[in-house]
């Protein structure tokens, strides 16, 4: 009854508190209300007014920023409030999250109280809003969530019943948290694109960054690097310095043109090896050669922010625009340590569980899958040298339906896997939008299985079936060297406990590359990583 009253009648909580000690009451709130907030957040995905606005912004994307301004005004956040957050704004197709993680860790090393807003999350939505590198606690999340939600709910009748979808709501929530918690700098990761992304509501960031460009979200951003670059360059602001990594020629040309039009000084970052540090070669806390680009971008962003924000007499705006020659600098000891200490779960991460070693990377574009495959081949080979017997390799793969799974799987064939496992996402692995049915997810897995066989060993094109007439079969169907599972948990149980397949049953160790989706990676972390499984 207490749980029901708290969840359904929050305004009556004071009645319940009469019968409980303060500590007991706060414990109930901490345990129950976060889940109520998550349910409310999920409901925003199916809110009729929010879906209507989503359709309108698809036709006219400029309306997205107009709507975002309205949401922030209703929450009580002004443009001046955002200016005072001292924002570093980062866009890009791949690597922007890692770039933000490097940047945040460096600036935290200088003693600043950092705010970091990223997406998506791996296990819990609280991961998207971080203070000093850590997801906000349940109590803070609950407190600020209801502050923002109630302000929007109380004003919706005077705004045509309009409520935001999940991502705009979380962006507004992040700004509210950072303002209330008085952070000294905010590292703000773009969600999708840049020009019309909800995060682009800010007017005066201190510095902007564009990570590597690739083909993704084509239904929104276009199907060429040039079209995608146009959207990413939309975060440029007049007089605000911007940096990018080495890009495809057509993408860099568009970024240069955007910078000139907006009157933004744009520079291309050097190779990581070009930096000179007293301690010798720079060591990165994130594995993979592709992280060198992200680390170089992070060095430029943090260095520029420190110069412009902290040095006396430094002008807020620059007067030169266009593509400029980059000035080299020697990273400070704090920067060197920050790069080495950076952690960003689910990206080139290794997690050992008994005889099974998971190689986790949430790569989901062509270039990131290619980089992931190279990292796995090299790192798995290093681990194999210390193995006490035969090592079997397993691919654990899942991907969202709008992405080209066949082309990505083709890039993974050279890794020479003994077995491939395709599964739906864990039901609690972090998805907020549950509008995709279990049948659709399973059919997607069957399609991926067919593509894998076509690329790796030939396929009879008949496929397997996991769907009965009125229910899902509880067990996987076998087809050669592959298995299809209904969810992440059942696949993990088979990998770690079953292993009845011939290539795995006599293996001393099993190396599992888990890739294609951060949601899939989150399912593994929730199951086996103590930091996420609590």
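Every residue, even glycine, has its Cβ placed from backbone N, Cα and C.
For reference, TrEMBL has these:
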type	residues	note
BINDING	119, 189, 217	Mg(2+) binding site
BINDING	347, 361	ATP binding site
Specify the count of other C-beta atoms within 10 Å of the C-beta of residue 119 (Mg(2+) binding site).
20
For the recorded Mg(2+) site formed by 119, 189, 217, name the remaining residues of the chain with Cβ within 8 Å of the site's Cβ center, in chain order.
96, 97, 118, 120, 190, 191, 192, 197
Roughly how many Å lie between the Cα atoms of residue 119 (Mg(2+) binding site) and residue 347 (ATP binding site), rounded to a whole value?
13
Comparing the binding-site residues 217, 347, which residue's C-beta has the most other C-beta atoms within 10 angstroms in this structure?
347
How many other Cβ atoms sit within 10 Å of the Cβ of residue 361 (ATP binding site)?
25
Give me the CA-CA distance between residue 189 (Mg(2+) binding site) and residue 361 (ATP binding site), in Å, as a whole number.
19
Cα distance, residue 361 (ATP binding site) to residue 217 (Mg(2+) binding site), nearest Å?
19
